[in-house]
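Feature annotations, courtesy of TrEMBL:
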type	residues	note
DOMAIN	B:65-448	domain 'Ammonium transporter AmtB-like'
TRANSMEM	B:21-44	transmembrane segment
TRANSMEM	B:74-92	transmembrane segment
TRANSMEM	B:99-118	transmembrane segment
TRANSMEM	B:138-157	transmembrane segment
TRANSMEM	B:164-186	transmembrane segment
TRANSMEM	B:192-213	transmembrane segment
TRANSMEM	B:225-244	transmembrane segment
TRANSMEM	B:264-283	transmembrane segment
TRANSMEM	B:295-314	transmembrane segment
TRANSMEM	B:320-337	transmembrane segment
TRANSMEM	B:358-380	transmembrane segment
TRANSMEM	B:406-429	transmembrane segment
């Protein structure tokens, strides 16, 4: 059963990453420093020349600095990325360190690489060839990383940290290209990233998981599933994602009514989604008991699905309807689709991202296309229509109808990049050099973490000798041996 | 001993909610969609016509959108509702899923119903009969739900999720009426909701708990109380409530100095409250040891008690005094009143909301009345007085003295609605159709949740065979049987 | 083996704080109330006269109230103080209550005392002898407390709550004087407090720990170290510190580009720091496994080290370099320095604050001095230079070069106050009157907290009789005796 040296088995593959992990971290971080040195500068709002800029532009107050419009949302998004995604994945009984720790590592690398990749496409100042960054770039970098963290959910417990870093390197690159095509070339809107983030990220992860299929994964089945407290930890992730999702969808929406409306729509969709998730979870379980997997995940689908349309005039009841449907679909996904995909399509999806991100993301893209196509000047107001869809410059003459078509095209681009990129990256990750765990050593922190001793033997130790008969002591000692062995 | 089919007992009542819970969720959510479709629209700040409105009103910057004044506070309040209240109640050893999960469900339904109920009373646009919502409505909906979640604290572990939804439906309705009477008819101030939220919510919950009195609840006494890690989880709730309470009390205060002052007063009262809570907890326990129940709860009483007066000129030392007293009173409440109430008044108050919300809320109302009555133009400034108490329109000629009287009247209204409404709703919840647990199955997630296997048997499984003598193994196997049985 | 009355041993020292703890809490809180009554008032932005002030100053919008510039950052800082520091220290297997609970107590007292001490030095209105407070004072009070909480990290588990309160009383006092000298007399900049907060706080704690050296501390070694879930709890602290550090360093920076730039620099430095921490942690451990201690702590060093220079033109790649170096140095500190200091210097540093705060804080001071000295009008712009370093009034003619010298001088002041003050306070704390635990009772919540029963015996109790043979039951009962004893 592998090289069982310690008190837990780490399988018959070599999970030693002592060379590869530090090497990758060092080399890539040094590369980041060099590239940042060459390319990245502060933009006019984060540079000391802001005072002069204000005078020139006749801006009378520092509050007009974009920092004050977006910083609160940025911090909420930041919490979603690091605590939200990190803790959502702590539900496994023995993979909490990997969940929250690797999430941390991957995101910390990803945001740097994303600042560069997205910067080249969106924030390049052609006068000096430098990328100028401000608070909006930070939010976008967090968004970009979200895509990769979604993909992590599909392969949770089955890959090494080195593989995760490789996944992130390519994931961020693909994301930046895909985002550029969708937002800039097609001029589609996607403030909350239903297409750009969720659809892409989910299919990217699922495609990788498909390529990395492990036929003997049930050798680790003792570690699949949660324990009581790991489920409570996961609820920390769920709730911070749920609560801050209005910030996520409104973070880079247009100032004023755009951000305001995006927050309201997301708030409503999420609320509605909770009720239908509970309903389906209860009605499909023995004696109507609720399943924590559904509560932890499907309740979030409503936020995913209003990502694209959040700043449109989706209407309040429209948001409720989107959440209503997504709670149902996503919960059924956990009940029916995940087992089916594992068995028939050979896609092992640890966190069920297909139900939480892929389907709701796709639906979100469709809702966005329909809502855009249905936009009218009478509903939006002439100016409102132009501002909401940014019908300016080259796109001055685009009609809402046509915009709907481009939205749909954007969704296809996200799908193609996700699946295509995922298969490619999956093949790279299949090389036997990355230190991934054997089939019987998956979902186990033992492989990559120095684990503390077990909880059982904390307090007694010194005292139990005093109050026991000899026979009890004998039993207790043998019992301790068992628990520690 | 009930129908002990699984490894834990679920009592001799039928806790099957497989029909009722999904039915309630579905029907009510569909009702919400229809009512939102008929009634709810974006207001002028979240609508696409905001651009035109700005031009009309000569507003030069998007930053004047109320979103930017209130959104950071809104997100803090949102965290208090879902993480704060949810995790505060996870302290029980086997009711963490129910605490955080039902809190989530109830709040998600409640905010929708609150948007409607409060909207009809406060945000109805009489020109078209629609409710126009913006960020302030979201905050108020969260506030309204807070009242119901407080009530949940009294009945935690003793009711079914269906009962909680019914409690919330009626609770939100009563809240909206009571709030309308206090804030609009009596024109009392209550920015932080000492009266409207805390007094009402607490007495609502206590009255329900009184009607639902369970004489044999000690059959569940093995599950009352905490374990080490559940107490740490509860501290997450405590701290997020404590830290964000300044946002709670300032969230809907007047722009500018109103919000600023409300935050400062709350910050100070809470700080003071911590020290007296620790003092009383220590002095009343054997060997001066602290009790986690007090630290988790009584430290928050200071925030409750400055709710009404937070935006008045309570003065900084006044805030400290309020917190000082509340820490003492609330901790004594846990030591003396809760056992007394259970024994003599037949009110079983799981979380001790009487000490955390009822008494401090009542005191907060009194402090508010006194502070209002003591207001003078010399202290507030002529304009400041008018702005703080909104002495405009019909209330132009009201004096601070009279205002104090109306504040006191508001407190009575909250009490009456809480107690009266609670008794009524309690009687409804007494009907034997809601799937509540038997007396010996309370405080147990087993009743309504699919629970994961126990923590003890995670790691060994495969390995323990290798290192043991036969005798040890025999013992260990019997020991495992015991732990799993 | 001490007076082992209960089921755990509390050592041969008397940890009874039933008189001293309540007495200190009460007397000091009453003193606070009196001092606040005499000295503290609202400032012009939190007072009801703000309306009149606006009219006088021709301010057209409430949004210009400093509340709206700083409140979101304030709340983030508040989370860092109470949840960040509190949970970071929960990593010990049996000291989570003490970590999060005493952190709470100490911070709640500290912020009040800090408002007074810092107020006298910085916010005294000489016209009426009153301290005028607003949102910036609250942030500064939180900052001041951070210094004391850092010091708590060095003595975690080895002192009584009364000692902690004494440490905080003197710590805040020393901090306020030191801060006044550095910021006002020397006119050094230190927006994120590398010198003022981290260097001072860390050396203050280390000096105290040195004076309180316990030669027989290995008698408590069974309780040093973590368990699985306590490490996950600690990650909550780590992540909230990490995520909100951009707010920490930008909270009191100059409006506009200052706050904007401080947030960006901190974000980058922290990201870079994570990668090198992981690299060093992996390369130095057997089989490349990661150590949670490093991930929990060294990843934060990047935020400490850009504290001083965060609002300067550190450049984006400069921030990355700072983080890069700090991750390496801090992780090596945990591997090499902490054991060395304990063995050779007799400094027992429970949380390793030397690696997380002392070294990075010192480095941050150096980076700040260099960056300041290297500032040029061409890089900053004439106006930008004046604004960034506040070269106004008495300091109108100071050059960046000279400023660099003063920055270095500030660093020395922080060091001297930390070490000197720490030794002094350590001697006071050595008096045998404070109720600190014996060497074999350290790191144990048993000393100061009423602990709940152990987790093992939650669910069975009633049921296990049904399914067992008599022999199993006998074994199980003896086993229970053992676990409970």
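Every residue, even glycine, has its Cβ placed from backbone N, Cα and C.
TrEMBL labels come from automatic prediction, so no person has curated them.
Long-range contacts of the transmembrane segment (B:192-213) within the same chain: residues 143-144, 146-155, 158-159, 167, 171, 174-175, 178-179, 182-183, 248-250, 262, 266, 303-310, 345-349, 353-354, 356-358, 360-365, 367-368, 410-411, 413-415, 417-423, 425-427, 429-430, each at least 6 residues beyond the stretch ends and with a Cβ under 8 Å from a Cβ of the stretch. Scored on C-beta pairs under 8 angstroms, the neighbour of the transmembrane segment (B:320-337) with the top count among B:21-44, B:138-157, B:225-244, B:295-314 is B:295-314. Contact between the transmembrane segment (B:99-118) and the transmembrane segment (B:264-283) is absent: fewer than three CB pairs lie under 8 Å, with pairs separated by 6 or more positions in sequence.
For the transmembrane segment (B:264-283), same-chain residues at least 6 beyond its ends with a Cβ under 8 Å from one of its own Cβ atoms are 192, 242, 245-246, 248-250, 289-291, 294-295, 298-303, 305-306, 309-311, 314, 316, 318-328, 330-332, 335. Within the model, the domain 'Ammonium transporter AmtB-like' (B:65-448) carries an average pLDDT of 95.
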